[in-house]
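The feature transmembrane segment is assigned by TrEMBL to 16-37, 57-78, 106-129, 149-168, 189-209, 272-294, 314-338, 359-384, 404-422. Summarising the annotation, TrEMBL assigns domain 'ABC3 transporter permease C-terminal' to 61-169, 318-430.
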Amino acid sequence: MIAVALRNLRHRPGGFVATFLSAFLGATLLMAFASLIDTAADADPASSESLTTTAGVAGGWCLIIVAFAVTSTLSLAVRRRAEQIALLRRVGATGPQLRRMIVGEAALVAVVASAVAVPAGALLGGALLRLLQNTGQVAEAVPGAFGPVALGTGFGVTLLGSIVAGVATARRTTAPPGTRPARPRARRIAAVLFLLTGANCAVLTATLMDGKGVDAMQTAGQAGIWASIGLALLAPELLRLVTAVLGAPVRALGGVAGELAVLAVHSRIRQLAGAVMPVLLFAGIATGTVYMQGVEDKASAGQVQPDYAQDVKTLNYVVVGMITLFVAVMLVNTLIAATAGRRREFAQHRLAGATRGQLTAMVSFEVLLVTATGVLGGTVAALFTVLPFGSARVDRLWPDVTPAAYVLIVAVAVALTATAMVGTARRTVRGPATAAIRA
């Protein structure tokens with residue numbers, strides 16, 4: 001089946017674009033941060049410590065987000081090929097053979113993406129080194145390096161993460177329809193574990209780290225990220241809840257388009273939950289980190305800070321910048337792939353009497369529900385960081401900070417979601433509906 005996987009990649013490359021981009025960007029980030037460890041080998045002790053700390057913290061969080069992204073996009077790509085997999089089963093392919101095909105495709109995409117990411121990883125690693133040098137955290141004389149640690153981490157972690165994602169996706173996809181296990185319980189248990197981990201970090205921040213100054217960021221930042229992942233795993237339940245609350249206003253405001261949107265969300269909870277996840281991660285991680293740093297800036301104004309305070313500040317902005325960019329690209333990839341896969345559904349609506357304008361409006365209302373779910377979930381996740389850190393740092397649960405950054409984050413989430421879903425929907429409904437049905 002590896003030969004079949006190769007032919008699938010050669011003849012159907014468009015079906016793997018989202019997975020390739022997620023793996024490529026993930027490998028780029030991992031190689032860039034891991035290259036700092038290569039650089040640290042020839043640096044002075046102080047510079048080496050800054051380089052290693054930045055690589056360890058940022059690289060670790062990148063690994064978690066990358067694994068999450070590859071799993072999401074690969075699952076979407078395989079679901080879009082349900083007819084092909086069913087056809088292979090009818091002509092005699094067994095479950096193990098189909099699993100080998102899916103895992104083989106994931107591994108091949110990971111290897112190609114990692115190879116293409118090498119130049120980008122080297123450039124980004126050099127940019128990170130210059131950033132650390134410009135802020136005085138690394139000596140100017142330290143030369144950049146891109147060696148075995150960067151390459152091994154980029155190729156190894158991306159390949160391993162893709163294989164694990166492929167195995168998980170293959171097990172769900174290739175099980176016979178009558179025996180396909182429902183996995184909501186396992187997903188919910190994992191979500192609860194992540195949320196408990198985030199809550200534990202939040203409690204530690206508000207208690208043990210109270211009065212510890214900038215050191216409280218160590219646990220506060222982790223609290224928001226763990227909570228974001230936990231709530232992202234609960235995306236189907238959150239989307240169902242938000243739709244139940246906003247369903248009536250959407251119907252009243254949108255008429256036929258609003259009714260179609262609510263029905264589409266109810267019938268496609270699982271698929272649209274995949275769109276909620278990156279929105280929630282984006283909103284949660286970006287909001288939590290930006291406001292945590294804002295609280296720290298106000299608390300430390302006019303005070304003498306330890307030498308590593310600048311390291312922490314730079315690290316926070318680098319982490320939020322890199323992860324936010326990655327999640328934004330993941331968001332656009334996921335939404336475009338998910339919306340483009342609805343060509344037949346849109347054609348059926350048109351044959352039943354819906355106009356192109358009504359379908360575009362329907363997708364616009366879906367954007368509203370998806371974005372509202374993601375932003376609300378991300379806001380709750382960010383509170384796991386902001387509230388305990390505010391209590392520990394300035395003795396206020398609700399810190400005195402401007403809402404401008406939050407408004408900007410929400411605006412970016414809305415813009416990305418709307419551009420990806422509505423723009424793709426407009427392209428998808430072009431042409432005769434009968435041609436889309438036959439395709």
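Please read every residue number as a count from 1 along the shown chain.
Each residue, glycine too, has its Cβ placed from N, Cα and C.
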Within the domain 'ABC3 transporter permease C-terminal' (61-169), residues counted as helix, strand or coil by DSSP: 90 helix, 0 strand, 19 coil
Segment proximity, the transmembrane segment (16-37) to the transmembrane segment (404-422), 3 or more C-beta pairs under 8 Å: no
Same-chain residues at least 6 beyond the ends of the transmembrane segment (149-168) whose Cβ lies under 8 Å from its Cβ atoms: 19, 23, 26-28, 30-32, 34-35, 37-38, 59, 63, 66-67, 70-71, 74-75, 99, 102-107, 109-111, 113-114, 117-118, 121-122, 125
Three-state composition of the domain 'ABC3 transporter permease C-terminal' (318-430), taking helix and strand from DSSP: 96 helix, 0 strand, 17 coil
For the domain 'ABC3 transporter permease C-terminal' (318-430), mean pLDDT (0 to 100): 83
Long-range neighbours of the transmembrane segment (189-209), counting only residues six or more past its ends (CB under 8 A): 215-216, 218-220, 222-227, 229-231, 233-234, 381, 384-385, 387-389, 391-392
Residues from the same chain, set at least six apart from the ends of the transmembrane segment (272-294), whose C-beta lies under 8 A from its own: 65, 68-69, 72, 75-76, 217, 220-221, 223-225, 227-229, 231-232, 235-236, 238-239, 264-265, 313, 316-317, 319-320, 323-324, 327-328, 330-331, 334-335, 338, 366, 369-371, 373-375, 377-382, 384-386, 389, 399, 401-402, 405-406, 409-410, 412-413, 416-417, 421
Other parts of the chain folded back onto the transmembrane segment (16-37), taken as Cβ under 8 Å at six or more residues beyond its ends: 9, 51-52, 54-55, 58-59, 62-63, 65-66, 69-70, 72-74, 76-77, 105-106, 109-110, 112-114, 116-118, 120-122, 124-129, 132, 144-147, 149-155, 157-158, 161-162, 322, 326, 329-330, 333-334, 336-337
